[in-house]
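K.L.:
This structure is in structure tokens; I'll ask about it shortly.
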């Protein structure tokens, strides 16, 4: 008995017993199976899928065979054409042809766009194009490519000559060419040379026209203390000038005269440095809505002492670095954070624990053990008997971020369990558990005032919290992918967020409105830092690129190239003259930032090229230790930490 006879017998039985619904359902299933098993009758769609591959292959060969002068710009155009050819094939239901096309040419673009290709690799049906927000945004918005006039004319002439109808349709619908006159440029610092994916450039330009109050806090505590310190330095300087005149009269010997000349030259350098700093316009003072908290008298005295002893850093005077290396962590240490004075170090682990080390106690313990033979006893957190750390437990998943409050009396930690916890360093206990995110929380940061904090999550939002409330005050939504890092502006009026969608956004903390979109990175943003004067922002990405942004204009001052691995941490010196960057390439780099103010002022006065470039001052290699965190103390000592990797 064949299948047809069996089906007829079953239908007759259902009809006999009165199962009418079941009979109709079985007949529909049989009709569907017959239609699906029938041979395909769409030769036109098959020819269309083959045509996509042929046209793209020909365009690729033509671009690679073009003159070197125009090749770079023509190759930039291949990636958007490639992904839209793939998505068009998926949208037309040619899943197998789309997969074959994707695998045939993906190697050309893996170096620059690996993460994007990994996202699109999961698109297998037209419904996926609608459900995946990244793919949906790509199809809804145009990609901007900057190209010279001659390259553009060559491209249009080729497409018309070859009658590449499919490619022409993609170019007209999904690519916006920004044609400029002249020869192709090779400027690395021109943000418009980047290809922008999934972002509405017009909307970004409109948002970036909004006013941003980038100044410092008015009547802040540190401002008052700095006035006291500067007044005391002036009075001490007057006395030193009198002593210097007496010393000059006594120095008559040849050797001493040479020494005096050397002192004069050093003094001249100091005068030049002072004149440079004086030439920089002072940032305006802004009032923040939250009141500045009252500090205890002991803390005021401590900060005043730090400001009196602060070392002035510049390109000739680099900071001292204190590096904390963690060993024997079994690849479980996810994050590190250092308190502002460097006395405490907190680490988040994959076993859901948070550990806090008191560096003064570790120093005492190491002095007692310096004559012992067991070398591992000197390592941070490696003692088996007496623990050198405080263990804080409460999270239900790996801890991804930890941060100290400005005074070091509290710690915030975020975890994959979608919660944020507040810990007391004095009580060594968990005080509050904040719930609001729906997915893992990648980063959390205290505000400079300490009473508010911000968090970044896999749910593509950042949130603003108050320490005395368990629910968020603001939800900052707008990124197209994970929000990986968050950073407060120094005046507490704004919050910056870095995302896997390759953009940085600046948000108004009061209204929750996005006031800036910074576009230019080619990979996910992993670290952010604000300059002490509030005018500039630095961002580091997965490719090792650091970009310096002018917050007022929303433009990139200049990219800083030098790292070969992810830039995990950034920190400005207290005066804002230096930027320190820590990377997975096991180095700490020092950058001269004083040129950034000059570059910004030149761009405001004239639209000429950047003659003054930010420069790399020094590279400090570690011994196989990726740099997790950097922190400048108030005295301008640089603290760094990392995990030793064999």
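Placed from the backbone N, Cα and C atoms, the Cβ positions cover glycine too.
Copied straight from TrEMBL:
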- 26-51: region 'Disordered' (REGION)
- 49-175: domain 'TFIID subunit TAF5 NTD2' (DOMAIN)
- 228-248: region 'Disordered' (REGION)
- 326-360: repeat 'WD' (REPEAT)
- 392-424: repeat 'WD' (REPEAT)
- 434-475: repeat 'WD' (REPEAT)
- 476-517: repeat 'WD' (REPEAT)
- 518-559: repeat 'WD' (REPEAT)
- 560-601: repeat 'WD' (REPEAT)
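So where do these features actually land, and what's packed around them?
P.N.:
Note on the repeat 'WD' (326-360): mean pLDDT across this stretch is 92.
Across the repeat 'WD' (392-424), DSSP assigns 0 helix, 20 strand, 13 coil.
If one looks beyond the repeat 'WD' (476-517) by at least 6 residues along the same chain, the residues whose Cβ comes under 8 Å of a Cβ in the stretch are 115, 133-134, 137, 197-199, 203-204, 207-208, 210-217, 286, 288-290, 442-449, 452, 454-458, 460-464, 523-534, 537, 539, 541, 549, 551, 554.
For the repeat 'WD' (560-601), same-chain residues at least 6 beyond its ends with a Cβ under 8 Å from one of its own Cβ atoms are 188, 276-277, 280, 310, 312-315, 318-319, 321, 323, 526-533, 535-536, 538-548, 550, 553, 610, 612-632, 634, 636, 638, 640, 642.
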K.L.:
Residues sitting near the repeat 'WD' (392-424): Cβ under 8 Å, six or more positions beyond its termini, same chain?
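P.N.:
Beyond its ends, the repeat 'WD' (392-424) has Cβ neighbours at 295, 299, 334-341, 343-344, 346-356, 430-435, 437-446, 448-450, 453, 455, 457, 465, 467.
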K.L.:
Going by DSSP, how much of the repeat 'WD' (476-517) is helix, how much is strand and how much is coil, in residues?
P.N.:
0 helix, 24 strand, 18 coil
